[in-house]
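Student: I'd like to ask you about the structure that follows.
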Amino acid sequence: MAANCKNPRPKAGAYRRFLSLVFVTLVGVLLLVVLLGTNSVSNFVSRSPIESSVKDLRPRYNNSSDYRLILNLPKQSGLSIQLEKLNQLRPRNTDLYPKLAKNHITIVLYVHNRPQYFKVVVESLSKVVGISETLLIVSHDGYFEEMNKIVEGIKFCQVKQIFAPYSPHVFPDSFPGVSPNDCKDKDDAAKKHCVGNPDQYGNHRSPKIVSLKHHWWWMMNTVWDGLKETEGHTGHILFIEEDHFIFPNAYRNLQKLATLKPKICPDCYAANLAPSDVNSRGENWDSFIAERMGNVGYSFNRTVWRKIHTKAREFCLFDEYNWDITMWATVYPSFGHPVYTLRGPKTSAVHFGKCGLHQGHGDKGACIDNGAVNIAVEDVDKVVNINSKWEVRFSENQPGYKAGFKGWGGWGDERDRALCLKFAEMHHFKSTDSVPSSDD
């Protein structure tokens, strides 16, 4: 009997081992399916080694639901959520440039979808003296694969990408994009039963136009108050666009201007690389120039940003779709005294764009001559060409917008104004326990 009882045991043990193996295999397959599902990045978003951990990221708030619920932001699309996660990725090239210079000036380059322009700017930046010492932040208005590939090719400095998650270009069929029941052109909302508020000239919103102002304001609030990489940065931050050619001496010139500004022009708010007149290449005087802040290669510090931020209502409620005209016409005048910027007598940056309003990559082709620009870079543009002993010439009777100017319109919809104000709040509210977490 004992001998007969020994035979079934090996079979039973083998059967149990077989079942265990099957169970483990099934569990492994299920886990793999779940992981593949949660780790899938939208087809709009390219993959790279650094992006493999994006599934583990959460927005930088104490409570993951605060950002949307408290501010009542538009319902996000899948792409919008992915872009918000991508904003938290570490800068690229930290293996090549592990440390930033102590006195570095962060550079922010804001772009839309003009890849031929973008390539020119990136190429000019690659030749800037000192560029490897700093962090380049590329702020995207929408997601475009060709623009993303250009950033992936940057190897001359640390580079971080941020994407405006509430860009109209990310919402194809709902606000801030185009909603099916939106009023168009000069529609009468009451007669057409459509949604929207016209501007002062009777025109309803155009997402393509309002995105200009939305992106700039979102970017400013995010760069100054929403990024780990800049939260302790007290120095200047330089802002440039995708159609600004930067000369080799720009960074060193700007460092010198930022250092000298408190001493030689304490009333100056900013430092510029170029004249406010985009057609000027400078006066070539032996003196500094203090004039109104231009929109080509402008820089300022956190103290100035705080002052700008307090004027959120002036910025968001003014019926003008251009961010720079809004600043010149209503924000700066609200400071109560002239807002000067300091610059050298010879430009270190040039605006080369032939058209604006996010044109340049449509059916008519790019707004650039033969895919290239012909900007002469002389020897004097390759070295610091400002002298700390120079005096400062103040530009009197500066051109600008007279009192009573009401803007060129394009910004009359209450939804755009409300979203703009929410961008100003998104990094300044306190989390509360009353709002449930999406993980609870």
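Just so you know, glycine gets a Cβ as well, placed from its N, Cα and C.
Automatic prediction, not curation, is the source of TrEMBL annotations.
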Student: Per TrEMBL, which of C316, C355, C367 is disulfide-bonded to C420?
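Tutor: Record-based pairing for C420: C316.
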Student: Per TrEMBL, which of C194, C268 is disulfide-bonded to C265?
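Tutor: Going by TrEMBL, C265 is disulfide-bonded to C268.
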Student: When the Cα of D141 (substrate binding site) is compared with the Cα of each of the disulfide-bonded residues C183, C194, C268, C316, C420, which one is closest?
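Tutor: With Cα distances computed to D141 (substrate binding site), the winner among C183, C194, C268, C316, C420 is C420.
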Student: Distance between C268 (disulfide bond) and H351 (Mn(2+) binding site) at the Cα atoms, whole Å?
Tutor: 23
Student: Sort out the sequence-distant neighbours of C183 (disulfide bond) for me: same chain, 6+ apart, CB within less than 8 Å of its CB, listed by position.
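Tutor: In sequence order, A189, K192, C194, V195, G196, P198, H204 meet the Cβ cut-off.
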Student: Find the one among the recorded positions D243, C316, H351, C420 whose C-alpha lies closest to that of C265 (disulfide bond).
Tutor: H351
Student: CB neighbours of C420 (disulfide bond) within 10 A?
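Tutor: Excluding its own Cβ, C420 (disulfide bond) sees 22 Cβ atoms within 10 Å.
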